[in-house]
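Asks: Following this message is one structure expressed as structure tokens.
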Amino acid sequence: MRAHEAGILHAEGYGAAPQWLPFPQDVMELLPQLWPSNVVRDPSGVLSIAGVPVTDIARDFGTAAYVVDEDDFRSRARAFRDDFTAPFAAVAGADVYYAGKAFLCTAVARWVMEEGLNLDTCSGGELAVAQRVGFPAERVALHGNNKSVAELRQALEYGIGRIVVDSFDEIDRVAAVASELGVTAPVMVRVTVGVEAHTHEFIATAHEDQKFGFSLAGGQARAAIDAIVAKGESLRLLGLHSHIGSQIFDTSGFEIAARRLVGLHTEVADEHGIAMPEMDLGGGYGIAYTSEHEPLTPGQLGTQMAELVDRELKEFRDGHPQAVLPRISIEPGRAIAGPSAFTLYEIGTVKDVEVSHGVLRSYVSVDGGMSDNVRTALYGADYSCTLAGRRSDAEPRLVRVVGRHCESGDIVVMDEYLPGDIVPGDLIAVPGTGAYCRSLSNQYNHTPRPPVLAVRDGATRVIVRRETIDDLLALDVDEPSLSQEVR
Ligand SMILES: *Cc1c(COP(=O)(O)O)cnc(C)c1O
């Protein structure tokens, strides 16, 4: 758990903040790294996004709501497409796949397509979104450790650009579906490289105890390649794939992953005479959820990643002067979708609780919670928030923002300072909710899910509508009551 005990006890008896959370100089200040680029606070204290005040959004669309800065999303996508990939021109080029699991709907799939990125999917449902918008099939990838035969058929009939295979069972399955359809399936091999990244550090081991991929150290990755080659016509080996984790802030873990992938890449060249044309280093680039996070820009990441790839490929290049170098792909999800949105909530209750003798905690309840943002409950993620609908000069107070669900772990923001005069009816905004919030949302307590609103050039549009009670009940099959039948 957290080191609240280590923090400072503040005025009025409101408890101890974690050490990373400084007492704010100005509780109304917006830290630019946390907010979509078109969010500002006007002199009356109201936040606006792309020219639209959040008070108008709350009035017209209700709360809770996910609010996306479309221009910010598109700019981040473009920054990966251009700034990240530019330094790879000196290696063998790079492609960016947006990881749809971070947040996908038809509008977002269109934005990704229009901005010239490729798309990662990991289910038949995500694939269906790509198909719905006519995403060019050769720019789409399919991942997953247990894809069904139906999903593989859906992908191959669509003409998908790559299937990342994850088990020996799946190699057989993909080959069988491909021969049944009379096509060649383009496959990559998901390799477990033994690098696991956790935010500020990574661990490099030989073996990994997890469900994804073929182990490099255990020899399964080699055996998978042999199995794919043995399938002949039905499979085409594109290259190796690894994904080392999420919310990563430095590139040293990627360097070890690249070194290990290049080792296997070289073995395949030597033993099968195949220079695989692709190599995928996955996603996982971190974003700022609070003042403690300082992410690199896509341009900085691209420079560092291109350098490390170039370094790790040197030996292969020297030993195989004729061979084509693998084109690198990356799969950012969070780093594109996350910072481009915030969640707008209305405060329903404010309650002071005595947590120990003389120490109070202020619980601020909002009209959402673990149904629209499960990350805090699921893995203790940190978020921040701000008063969004008015100005306040009140002394900051440490609060915990909680949801409306029947779980005491239903926390949205564990620790944050808000003005001490907050009251029911106030709006608050939680930034950094563009990734893994809507996509992980649920209907716990029969709570209709919030809409996703896209704001651009002073106009707000619904891109995913709010769920209704009818939506919630639509799947229930009404059965005649037994007692009525008997009567
Ligand atoms: C989750 C995932 C991603 C995206 O991760 P982010 O942290 O959102 O960048 C990319 N590739 C694979 C294989 C993943 O599982």
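Glycine too: its Cβ is placed from the backbone N, Cα and C atoms.
All annotation found in TrEMBL is predicted automatically rather than curated by experts.
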Asks: Quick check: of Y158, Y289, Y436, which does TrEMBL put in the same substrate site as R334, R375, Y379, E407?
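Replies: That substrate site, as TrEMBL gives it, pairs R334, R375, Y379, E407 with Y436.
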Asks: Given that TrEMBL annotates E331, P332, G333, R334, Y436 as pyridoxal 5'-phosphate-binding, name the residue from G284, G380, G389 that shares the site.
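Replies: Of G284, G380, G389, G284 joins E331, P332, G333, R334, Y436 in the pyridoxal 5'-phosphate site that TrEMBL records.
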Asks: Could you tell me the mean pLDDT over the domain 'Orn/DAP/Arg decarboxylase 2 N-terminal' (80-337), as a whole number?
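Replies: Taking every residue of the domain 'Orn/DAP/Arg decarboxylase 2 N-terminal' (80-337) together, the mean pLDDT is 96.
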Asks: Could you tell me which of these binding-site residues, Y379, Y436, has the greatest number of Cβ atoms within 10 Å of its own Cβ?
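Replies: Neighbour-count leader: Y436.
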Asks: Measuring Cβ to any atom of ligand 1 with a strict under-6 Å cutoff, which of the binding-site residues E331, P332, G333, R334, R375, Y379 qualify?
Replies: E331, P332, G333, R334
Asks: Can you grab the distance from P332 (pyridoxal 5'-phosphate binding site) over to Y379 (substrate binding site)? Cα atoms, rounded to a whole Å.
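Replies: Answer for this pair: 20 Å between alpha carbons.
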Asks: Measuring CB to CB from K101 (N6-(pyridoxal phosphate)lysine), give everything in the same chain under 8 Å that is also at least six residues away in sequence.
Replies: D120, T121, C122, E126, G333, Y436, S439
Asks: Spatial neighbours of E331 (pyridoxal 5'-phosphate binding site) among the recorded positions R375, Y379, C406, E407, defined as Cα within 10 A: which are they?
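Replies: Near E331 (pyridoxal 5'-phosphate binding site), where near means Cα within 10 Å, there are no recorded positions at all.
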Asks: For the binding-site residues R334, R375, which one has its C-beta crowded by the most other C-beta atoms within 10 angstroms?
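Replies: That would be R334, with the highest Cβ count within 10 Å.
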Asks: Give me the Cα-Cα distance between R375 (substrate binding site) and R334 (pyridoxal 5'-phosphate binding site), rounded to a whole Å.
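Replies: If we compare the Cα positions of R375 (substrate binding site) and R334 (pyridoxal 5'-phosphate binding site), the gap is 13 Å.
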